[in-house]
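Copied over from Swiss-Prot:
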DOMAIN    1-141  domain 'Globin'
MOD_RES   3  phosphoserine
MOD_RES   7  N6-succinyllysine
MOD_RES   8  phosphothreonine
MOD_RES   11  N6-succinyllysine
MOD_RES   16  N6-succinyllysine
MOD_RES   16  N6-acetyllysine
MOD_RES   24  phosphotyrosine
MOD_RES   40  N6-succinyllysine
MOD_RES   49  phosphoserine
BINDING   58  O2 binding site
BINDING   87  heme b binding site
MOD_RES   102  phosphoserine
MOD_RES   108  phosphothreonine
MOD_RES   124  phosphoserine
MOD_RES   134  phosphothreonine
MOD_RES   137  phosphothreonine
MOD_RES   138  phosphoserine
């Protein structure tokens, strides 16, 4: 459960990311593919080479979904319902992949904003990404 302090940390951090969210989303997705090669199986039609336009485009979609989640932090299930349906029923993404991507998002954000990435912010973002992952996998059951 996200505390009021967690919500503030997430919103403040996301505001600082600003227009770089899409760039960071692409970088995190690329990092996920490199660190966890099994995640590539969901993208057989993509050029997965470093700097790929397809990976960057999908990374922006991930970032846009997270921006929506931040904007609706008090109603993640409502905000992400359609995305949950897509991943559960159509794409059938293994739930563990959300955790792997979340980890790579944390690493990417820490690399770009080391001064802002305090232990409290790290914990808040980790809890937020976990909450988003829980919503995205809620319809698997």
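All positions are counted from 1 along the displayed chain.
In case you wondered, yes, glycine gets a Cβ from its N, Cα and C as well.
Of the listed modified residues 3, 102, 134, 137, 138, the Cβ environment within 10 Å is emptiest of other Cβ atoms at 3. Reported as a whole number, the C-alpha separation between residue 134 (phosphothreonine) and residue 87 (heme b binding site) equals 12 Å.
Set side by side, the recorded positions 7, 11, 40, 87 differ in how many other CB atoms lie within 10 angstroms of their CB, and the most is found at 87. Listed in sequence order, the modified residues from 16, 24, 40, 124 having a Cα within 10 Å of the Cα of residue 8 (phosphothreonine) are 124. Ranking the recorded positions 16, 58 by other CB atoms within 10 A of the CB puts 16 at the bottom. Look at the modified residues 8, 49, 108, 124 and count other Cβ atoms within 10 Å of each Cβ; 49 has the fewest.
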